[in-house]
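The following features are taken from TrEMBL:
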type	residues	note
TRANSMEM	25-49	transmembrane segment
DOMAIN	41-290	domain 'G-protein coupled receptors family 1 profile'
TRANSMEM	61-82	transmembrane segment
TRANSMEM	102-120	transmembrane segment
TRANSMEM	140-162	transmembrane segment
TRANSMEM	197-216	transmembrane segment
TRANSMEM	237-255	transmembrane segment
TRANSMEM	275-293	transmembrane segment
Amino acid sequence: MTCENHSRVTEFVLLGFTSNPDMQVSLFVLFLAIYSVTLLGNFLIVTVTSVDPALQTPMYFFLRNLSLLEVCFTLVMVPKMLVDLVSTRKVISFVACGTQMYFFFFFGSSECFLLSMMAYDRFVAICNPLRYSVIMNRSLCLYMAIGSWLSGVPVSMLQTAWMMALPFCGPNSVDHFFCDGPPVLKLVTEDTTTYEMQALASTLLFIMFPFSLILVSYTRIIGTILRMPSATGRQKAFSTCSSHLIVVSLFYGTASLTYLRPKSSQSPESKKLVSLSYTVITPMLNPIIYSLRNNEVKGAVKRTITRKVLKKNCIKGSQH
């Protein structure tokens, strides 16, 4: 655990996407635009699901939590990535790297469990509609949301504490755009087999366990939908789940490529693109998916904007 004849690494260099200055500027503009859309879209979802009376249901309560989680998730990585794209010295201290890694694991694990809670909500709504309001009461929803947020604590503490206690005595260049586990692990100067086995076990528990809950929920949901006598009823029931299914597919599909295959033969550039998809692109797409595919959200957005415009006009009118 100690570095003999070598000093311990005190900072890491994040190599990012490219060393070409012109390309870095283009990427900065692109990612800044994506981040702006991400913040705007998710804060819009939080606002409309908070103030619109028609959206005070468990489904939108969990959606609000998902949007807050996405904002926190991107805040861990994107601002630092943007700064590095316009900086000549792309370094991050050892402590800051560990902190970034901790919150990345924390919010990522929390999102896995929150998505499974959202699947359970849809399961109760479709498979047991008469008792939906009784089962999904305010207290249960609150406990489910708190449990989802706190579920990220054990895995993030274990993964980060163990990782940062390993000896980093040699190279300090991380071939990635943030302090993710697999690329940082490559810099450890001792055998990491034990850590990798633990990391895989944690991944299976904190990614595949909630994913299994989602699969079970949707197996029951699909069976219930297929037994519905009305085609209109089937279409309406499926439409309430489609947005969540798309979000789950995007998040789990890309994350599993990285964490279920940590030593795959993919090139570093390919791994960066995969990581980019679930850390930057997916959080931007989530509010768009839920807004475009949900008439209630679209209606709430229109009502909220209309109220803002009317309020602004009334204020102007009173001033005149």
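Note: Cβ is positioned from N, Cα and C throughout, glycine not excepted.
Bear in mind that TrEMBL entries carry predicted annotations, made automatically and left uncurated.
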When you scan the chain for residues with a C-beta under 8 Å from the transmembrane segment (25-49), skipping those not six or more beyond its ends, what do you find? 17-18, 55, 60-61, 63-64, 67-68, 70-71, 74, 78-79, 81-82, 85-86, 280-281, 283-284, 286-288, 290-291, 297, 300-301, 304
Taking the transmembrane segment (275-293) as the reference, which of 61-82, 102-120, 197-216, 237-255 gives the largest number of Cβ pairs under 8 angstroms? 237-255
Can you work out the mean pLDDT of the predicted model over the domain 'G-protein coupled receptors family 1 profile' (41-290)? 88
